[in-house]
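K.L.:
Take a look at what TrEMBL says about it:
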- 1-109: domain 'C2' (DOMAIN)
- 221-341: domain 'C2' (DOMAIN)
- 382-507: domain 'C2' (DOMAIN)
- 552-675: domain 'C2' (DOMAIN)
- 775-793: transmembrane segment (TRANSMEM)
- 805-835: transmembrane segment (TRANSMEM)
- 919-948: transmembrane segment (TRANSMEM)
Amino acid sequence: MSNLKLGIEVLSAHDLIAKDGQGLSDTYVELHFDGQKFRTTTKANNSRSFLGRVRLTGTSFVPYSDAVVLHYPLEKKGFLSRVKGELGLKVFVTDDPSIRSSNPLPAMEASLNSGSRPIQGQGPNEQVPSFVPNTFSNEKGESRRTFHHLPNPNPAQPQQLNIPPMSTQSSFDYGVQAMKSEPQVSKVVHMYSGPSSQSDDYSLKETSPHLGGGRVVGGRVIRANRPSSTYDLVEPIRYLFVRVVKARDLPSKDVTGSLDPFVEVKLGNFKGITKHFEKNQKPEWNEVFAFAKDNIQWSSLDVVVKDKDMIKDDFVGRLKFDLNEVPTRVPPDSPLAPEWYRLEDKSGEKKKAGELMLAVWYGTQADEAFPDAWHSDTFTSSDGSSAFSSHIRSKVYHSPRLWYVRVNVIEAQDLVVSEKSRTPDAYVRVQIGGQSLKTKPVQARGSNAIWNEEFMLVAAEPFEDHLILTIEDRVGPNKDETIGKVVIPLINVDRRADNRMIRSRWVSIEKSISAAMDGDRGKKEKDKFSSRLHVSVCLDGGYHVLDEPTHYSSDLRPTAKPLWKQSIGVLELGILNAGGLHPMKTRDGKGTSDTYCVAKYGNKWVRTRTIVNSLSPKYNEQYTWEVYDPATVLSVGVFDNSQIGGSNGNKDMKIGKVRIRISTLETGRVYTHSYPLLVLHPSGVKKMGEIHLAIRFSCTSLMNMMFIYTRPVLPKMHYVRPLSVMQQEWLRHQAVNIVAARLSRAEPPVKKEIVEYMSDANSHLWSMRRSKANFFRLMTVFSGLLSVGRWFGDVCMWKNPITTVLVHVLFVMLVCFPDLILPTVFLYMFVIGAWNFRYRPRYPPHMDTRISYADAVHPDELDEEFDVFPTSRGSDIVRARYDRLRIVAGKIQTVVGDVASQLERVQALLSWRDPRATFIYMIFCFAAAIVLYVTPFQVLILLSGFYLMRHPRFRHKMPSLPVNFFRRLPARTDSML
């Protein structure tokens, strides 16, 4: 006979509600099983307040080897209970005698009040230790998993344990026969976590930092006794700025009499180096160096001018500054004027070593020299090289202005092919840069061809690519012959902001691009090609060129500037710091990251400076955008800079992204929160760290903002001449490629992978996870209606007679006074809105793994989501996924077929497909018309309502007559193959 024990390891609890009114809770846990009652130690001030409970069924008990730590959400004791938080437990069964109890404590108050006997092995005079060691926990530590009650399509079947009956001991010993559980259905969630899974703390945390404007508490700024600054959403950090301008009269050092000068700015262990000039004794650098004052541990600044040499750099001269004598500049003061300083030799004497112009001052990140400065926190203290300075500094970008190009290919005349006897099978290829579309092949009538097809492409200002129309002849199955080309510069194309007609034109078809580019000069050639093409081309400025999904869009304005409305407010973003970042690379045997942030809103992109070799970087940079529509989204991403000791093909690795919808922000409130950086990997969702942001939305015109809510979301042309879904997706893909190509040419560049990640370029691709997430989102939306339906069902079944009687009274009042129906409905919605005001969201929305269905997704579904297109997996895996997709599609097919059958039965009422059913229905309609004519309408409504809410004594389990009649009506299912 085995001696199994039930072990419960109580680990932690978090997000509990404080019951003492001072933000503190003195908590303990009571365990109840089969009449046994035990209690853990109490943390500080004891309280008997109820904080929540967790109930586990016997089917959730697993062997010790399969047990994992789960965080169970606390449940309410009653309807009015206020419960919040989670309890971390590890529940298992074992017969291993080496695993012993941690001296479980009995429920003290319960024992004293009821006189229950003390626990075995403990005398009445023994004191309970204040700390009980946890012998159940493993030495290696365990990853924390969040337990969510989510439906699982393939729930894991609980393992059945064949356990003989036994006697109950003082610890949680039990047998299957003695296991007592409530008769309820357990919610089982099969959890998948990769070997590299991190802590599942995905919640948003509100902070109260000290910023430039004061301390932020609950969204309000408590002003400090300091001068106000425009940079009031970041922590003010003092920097020592050194601007090296130029030098003159430098002595020569080489044998040839030349000099390759550069300047070395050294402060303690930090060293910044300017670029060097070859053979130049009057160099001009105009470079700025910024040293964070927190890193300054020296009292002097050394500025050394050196001569670049292959073996060892030669000393030219130096300057030494006492940091106590450096002035402080506070904007909007004018910039500090640089001065000429005579260089000193190594002994400190001012000889004829030349002069150096520079300026030294103390300032903050509000200084205009801050963005272009070389920062001491961008390199390690032992690295003085500035070779990557162009890739690490902060920068503001503006994405190019995008236009839709509408091309209507009408017809061509006098086409000439190589084979005179053959009629051309011609088509036109429309191309702008890497975009290419073509018409359908048309069999020409003689030498003329008519297509009359319209295309939409994307172009960016300034227009670098031309519109190229290539007329080709399909000679064979895989062989095409070029008839001619037409080149139209986009700068000469008409622009429009509405749906007015654009005049078409005839253009000459040239034999080559060079001839087509010559324009009028080609007409003077003797061998002029006589064919011509009839086209209509325009730049449509009435559309908004979508480079993001519409539900993530950060700008909704049309391309044409005359259509822009006045801005409604200003959005301010303070990027404070990041913490707990996941190491992205290894340096000196330790994991580290070289991170920077990218923020996008509208056509303005910003990039912070790169903080090198830090897993807790501090950026403290503030940026501002104008807001034209509240239904827009701000995106902030964190990336690892691959230019500094990177790998992965020099691609900047994504660390995480945050989206903030402007309409969810209260006007004037400062939101300071720490956002979790969540990234979905093939192994599962992973928390890569946290980003600390300060956000404020200020409204300049409340009336304009309210008026925006009555306007269409997209510009007028999207509704006058709408684009198809396929067309929008193709154009969005082209727009993202154009923006990525333009921003990658900046310095420092915004790489293509960053633009695609920030713009959600792949959001349209198939994903089983996203499909399930959207389904559960739909079920959540309809859950309110389903709840109302269940409540009304209880009313009809007289579950609560008092409620049913009150509903009858309300129903009679509304029928007798129908004018009160609509006012009652709208008043009820007003009351619900007023009641929900106290429960309104206090925090901006953030990434939710539960809504995204990322915490319960199957590994194979993730592997399918990260697979390339076309697939790179083996045939067996693809076949299995195809079969799975067929099963899902089969269920959808069944649902669609059932809906179609019900609608076809409605059509069959009067279609005489079933003549007897149609005759019966016609007789019923005739009788109903007579009854409705002689009976007041209110009486009919009352009778129908009373019949619907009749007592269960007058109900039958069999279906009603109308239902039986409707189900017998024919559908077209018997006509399907």
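A Cβ is built for glycine as well, from the same backbone N, Cα and C atoms used for every other residue.
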K.L.:
Where else in the chain does the transmembrane segment (805-835) make close Cβ contacts, counting only residues six or more beyond its ends and a cut-off under 8 Å?
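P.N.:
Contacts of the transmembrane segment (805-835) (Cβ under 8 Å, skipping residues fewer than 6 from its ends): 795, 938, 941-942, 945-946, 949.
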K.L.:
For the domain 'C2' (221-341), what are the DSSP-based totals of helix, strand and coil residues?
P.N.:
6 helix, 54 strand, 61 coil
K.L.:
What average pLDDT is reported by the model for the domain 'C2' (552-675)?
P.N.:
90
K.L.:
How does the domain 'C2' (382-507) divide up by DSSP, counting helix, then strand, then coil residues?
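P.N.:
The counts are 6 helix, 70 strand, 50 coil.
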K.L.:
List the helix, strand and coil residue totals of the domain 'C2' (552-675) as derived from DSSP.
P.N.:
10 helix, 63 strand, 51 coil
